[in-house]
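Okay, so here's the structure we're looking at.
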Amino acid sequence: MSAAEVADHYNNVRQAGIQDRKESRIFFMRNMNNWIKSQLINDAMKLVNENGVKSPVVLDIACGKGGDLRKWDITGAKHVVMADVADVSIQQAEERYKTMHKYPHDIFGAQFIVADCTKENLDDKIEIKEPFDLVSCQFAMHYSFVDEDSARTFLKNAVGKLKLGGVFIGTLPDADRIVWAVRNGTEGKFANDVCKITYEKVDELSEGNVPLFGAKFHFSLDEQVNCPEFLAYFSLVKHLLEEHDMELLFVHNFAEAITNWLVPGRRLLESMKGLETFPNRNLSGKTDEEYLEAKAKIDSLGDNVPKFVGTLSKSEWEAICMYLVFGFRKKKTTEKNLESEAPEIKKVTPVPLNEDTDKTAEKNEERIEEKEENPSHC
């Protein structure tokens, strides 16, 4: 799968209007994803502020149509570089940025770059000379894991110009969870009412045969067929980033992230409509099985408590649990405990969703260690 094919796919995706988004089967899931990104950026900004920076210089790599531009404005960013392989997406991002000049306050400076970050040196195209305080890559890094060279080039572009103490955040499909799901499906497939995951080479699903690079799968969401994607095992991502003096601050599966951020972010979650009210007459899911957990919660409430809860349908929840959220920081030159600077975010590993998923992760750790002993790159 070439970068040109990825670009063509995203260039041809129809820009959905507000009404289309409201009528989508995954309306609440998309809003939840957006809320998770907001909480992630908010926590990252705390770390950036602790590094002595109030108005960060930001790289939004694989930025798509610029869906996070408003978030960068809220952070008080000084300058944002938006880079993506799809030229139409960059054009739409730039148009979105231009509308922000109508805001009653000054907004950040920006540069929009069309670049294949898996092949080109992004630094050659960046106009500003300042290093980045914050880098963000949302739902896109895994495309670079088509092969080792592409992944290494992408990660170098992502963090190569990050200042000491700078932060790299992102969201990523959980490769171990996906492998578990398709292994336990039929003929390499997992499907529910909102998503379908297909692993191309079923014979590779036997233990230990899924490659570290080039493991192709297809993820269709809400009847929209996506272009082929590639598994990016988080343990491998961590290993490659450590070569760039990056250290892991945190990694959570989305279910864990929602639990961690629910209390501090509840008001924003409600305003962003990240949860569906149950019960109501127009539920997005059409079967009772989609809301068994919500119904059980309602039944457990006392008689004097309002009988409404916020929820996601079962299918949306299963899809959202296929993702991870992460944060890294570029090591400083001084020897000190960097984690002590960020009490708000604990360094954790994802809670295993089941024993098989955990075993898959452990197996991949072993394979990465073997690769390190016999490196293909000097």
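Cβ from N, Cα, C; glycine included.
Per Swiss-Prot, mRNA binding site is recorded for Asn33, Asn34. Under the DSSP three-state reduction, Asn34 (mRNA binding site) is assigned to helix. The Cβ of Asn34 (mRNA binding site) has Gly67, Met272, Gly274 as same-chain neighbours under 8 Å, each 6 or more residues away in sequence.
Under the heading S-adenosyl-L-methionine binding site, Swiss-Prot lists Lys37, Ala62, Asp84, Asp116, Gln138, Tyr143. Taken residue by residue with DSSP, Ala62 (S-adenosyl-L-methionine binding site) is part of neither helix nor strand, so it is coil. Sequence-distant contacts (6 or more apart, same chain, Cβ under 8 Å) of Ala62 (S-adenosyl-L-methionine binding site) comprise Ala83, Asp84, Val85, Cys117, Cys137, Gln138, Ala140, Met141, Tyr143.
Residues annotated as domain 'mRNA cap 0 methyltransferase' in Swiss-Prot, with sequence analysis given as evidence: 24-331.
Under the heading region 'Disordered', Swiss-Prot lists 335-378.
In the shown protein chains, 21 other C-beta atoms lie within 10 A of the C-beta of Lys65 (site 'mRNA cap binding'). The site 'mRNA cap binding' annotation in Swiss-Prot covers Lys65 (among others).
Its Cβ placed at the centre, Lys71 (site 'mRNA cap binding') has 19 other Cβ atoms within 10 Å. Here Swiss-Prot flags Lys71 (among others) as site 'mRNA cap binding'.
For Arg96 (site 'mRNA cap binding'), applying a Cβ distance below 8 Å and a minimum sequence separation of six or more within one chain yields Lys65, Gly66, Leu69. The site 'mRNA cap binding' annotation in Swiss-Prot covers Arg96 (among others) and rests on sequence analysis.
Annotation comment: Swiss-Prot describes His142 (among others) as site 'mRNA cap binding', evidence class sequence analysis. All protein chains shown were included, and the count of other CB atoms within 10 Å of the CB of His142 (site 'mRNA cap binding') stands at 25. According to its DSSP assignment, His142 (site 'mRNA cap binding') is helical.
Secondary structure at Glu229 (site 'mRNA cap binding'), taken from DSSP and collapsed to helix, strand or coil, is strand. Look at Swiss-Prot and you will find Glu229 (among others) tagged as site 'mRNA cap binding', backed by sequence analysis.
Look at Swiss-Prot and you will find Tyr323 (among others) tagged as site 'mRNA cap binding', backed by sequence analysis. In the three-state DSSP reading, Tyr323 (site 'mRNA cap binding') counts as strand. Proximity of Tyr323 (site 'mRNA cap binding') to non-local residues of its own chain (separation of 6 or more, Cβ distance below 8 Å) is seen for Asn33, Phe139, Thr171, Leu172, Pro173, Asp174, Asn253, Phe254, given in sequence order.
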Quick one: pull the CA-CA distance for Glu229 (site 'mRNA cap binding') versus Lys71 (site 'mRNA cap binding'), whole Å only.
26
On a count of neighbouring CB atoms within 10 A, which of the recorded positions Asp84, Asp116, Glu229 is highest?
Asp84
Between Asp116 (S-adenosyl-L-methionine binding site) and His142 (site 'mRNA cap binding'), what is the CA-CA distance rounded to a whole number of Å?
14
So if I draw a 10 Å sphere around the Cβ of Gln138 (S-adenosyl-L-methionine binding site), how many other Cβ atoms end up inside it?
23
Should Arg96 (site 'mRNA cap binding') be counted as helix, strand, or coil on the basis of DSSP?
helix
Measuring Cα to Cα, how many Å separate Lys71 (site 'mRNA cap binding') from His142 (site 'mRNA cap binding')?
23
Mind computing the max CA-CA distance among Lys37, Ala62, Asp84, Asp116, Gln138, Tyr143, which the record assigns to S-adenosyl-L-methionine binding, rounded to whole Å?
24
